[in-house]
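Student: Submitted below is the structure of interest, expressed as structure tokens.
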Amino acid sequence: MKSTFGLLALAAAAKLVSAHATVHAVWINDVDQGAGNSADGYIRSPPNNSPITDVTSTDMTCNVNGKNPVAKTLSVKAGDKVTFEWHHDTRSDSDDIIASSHMGPVMVYMAPTEKGTAGNGWVKIAEEGYSNGKWAVANLIANRGKHSITVPDVPAGEYLLRPEIIALHEGNRQGGAQFYMECVQVKVTSAGTKTLPAGVSIPGAYKATDPGVLFDMYNSFTSYPIPGPAVWDGSSSGSSGSSGSSPATTTAPAVSVTAAPTKEAPVDTSATPTTFVTATKPATTAAPAAPSASSGSNSGSDSCNSGSASGSVKIYGQCGGQNYSGPTSCEAGLICKEWNPYYHQCVSA
């Protein structure tokens, strides 16, 4: 019996590892800049796709090895559209980007290269959380791993762009949230006049007990408080201190599409990337209480639970689990997947 349990645990652990993600490439004004996740690329990439779970670790800045510059730096101008492309394994049509259980917010920070490398001066320039019953990560998966920002009108110089995912599938326990991030090296060539605010320190922007970090996505909720500072409005230079769970609404500058010379790499371009134009922090609601027993490893098994509740659950909605009393039937084309004993989710068949 112990042997069987051990094998199941190893299988679950292997599945979790395969579900992780890193940034593989960047597009500028819809032009592919080629793979950037190597020592001779433009992304300060970690040695593997494992998440950071300790919010006090210096690896929170740019991930493991993130203090080490890489060979290339991308040239951008104010108003350029920069698209980040995430994958869990390869830049292929078959890549699943990240596990559909790893729901959570997607954010982007920016800092001058020297300050950012030291963990200081980080300004949030985009965010997407939970809206209309759908997580930002769900949109990321649907868009084949792509999400976009607009380069603000900052002074010329070298900067780091820091895209980030927070996966909350284990966020119902302290230290369970998984952080994925890399730093992309860019050089702004336009002479902007909007100096970045002082920004926040990373590590330091998040606490393990922040409502958007310690968050139980397995119980009923209607909104989600995106952690960290408010999104910079692109013009003010005031404090960018941590806003925690306070509501804030900001609008990013409009996108100006101007082609940049580059070498294109073959990659699927059929999906339209998500562009963060308006980033909204909804009013805070208290995070639901975590289950009395800690959730187990991701089993990934299909669930055929039945219950008395009626109605069909939409994609990525909960459809089962211990102490769950809601609808258990998924909409057509979906199956009810058991991620752990406490949470079953409707996903594509």
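Backbone N, Cα and C define each Cβ position, glycine as well.
Per Swiss-Prot, the features are:
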type     : residues              : note
SIGNAL   : 1-19                  : signal peptide
BINDING  : His20, His102, Tyr180 : Cu(2+) binding site
DISULFID : Cys62-Cys183          : disulfide bond
BINDING  : His169                : O2 binding site
REGION   : 233-304               : region 'Disordered'
COMPBIAS : 234-262               : compositional bias 'Low complexity'
COMPBIAS : 269-304               : compositional bias 'Low complexity'
DISULFID : Cys319-Cys336         : disulfide bond
CARBOHYD : Asn323                : N-linked glycosylation site
DISULFID : Cys330-Cys346         : disulfide bond
Student: Looking at the binding-site residues His20, His102, His169, Tyr180, whose Cα is closest in space to that of Cys62 (disulfide bond)?
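Tutor: Checked the binding-site residues His20, His102, His169, Tyr180; minimum Cα distance to Cys62 (disulfide bond) goes to Tyr180.
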Student: By a simple count, how many Cβ atoms lie within 10 Å of the Cβ of Cys319 (disulfide bond), its own Cβ left out?
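Tutor: Its Cβ has 28 other Cβ atoms within 10 Å.
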Student: Give me the Cα-Cα distance between His102 (Cu(2+) binding site) and Cys330 (disulfide bond), rounded to a whole Å.
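Tutor: Roughly 19 Å, rounded to the nearest whole number.
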Student: Inside 10 Å of the Cβ of Cys183 (disulfide bond), count up the other Cβ atoms and send me the figure.
Tutor: 27
Student: Out of His20, His169, Tyr180, the binding-site residues in the record, which is closest to Cys346 (disulfide bond) when you go by Cα distance?
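Tutor: Nearest listed residue in space: His169.
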Student: When the Cα-Cα distance from Cys319 (disulfide bond) is computed for each of the recorded positions His20, His169, Cys183, which gives the smallest value?
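Tutor: Nearest by Cα distance to Cys319 (disulfide bond): His169.
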Student: Quick check: of the recorded positions listed here (His169, Cys330, Cys336), which one has the Cα closest to that of Tyr180 (Cu(2+) binding site)?
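Tutor: That would be His169, the closest of His169, Cys330, Cys336 to Tyr180 (Cu(2+) binding site).
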Student: Taking just the CA atoms, what is the gap between Cys183 (disulfide bond) and His20 (Cu(2+) binding site) in Å?
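Tutor: About 17 Å separate the Cα atoms of these two residues.
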Student: I need the CA-to-CA distance for Cys336 (disulfide bond) versus His20 (Cu(2+) binding site), whole Å please.
Tutor: 21
Student: Can you tell which of the binding-site residues (His20, His102) has the fewest other C-beta atoms within 10 angstroms of its C-beta?
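Tutor: It is His20 that, of the binding-site residues His20, His102, has the fewest other Cβ atoms within 10 Å.
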Student: Rounded to a whole angstrom, what is the C-alpha distance between His169 (O2 binding site) and Cys330 (disulfide bond)?
Tutor: 20
Student: Provide the number of Cβ atoms within 10 Å of the Cβ of Tyr180 (Cu(2+) binding site), excluding the reference atom itself.
Tutor: 26
Student: Other than His20, His102, Tyr180 themselves, what residues in this chain have Cβ atoms within 8 Å of the centroid of the Cu(2+) site's Cβ atoms?
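Tutor: In sequence order, the nearby non-listed residues are Ala19, Ala21, Asn49, Pro51, His88, Ile98, Ala99, Ile165, Ala167, Gln178.
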Student: Fill in the CA-CA distance, Cys330 (disulfide bond) to His20 (Cu(2+) binding site), as an integer in Å.
Tutor: 26
Student: Since the record lists Cys336, Cys346 as disulfide-bonded residues, which of them has the fewest other Cβ atoms within 10 Å of its Cβ?
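Tutor: Ranked by other Cβ atoms within 10 Å, the disulfide-bonded residues Cys336, Cys346 bottom out at Cys336.
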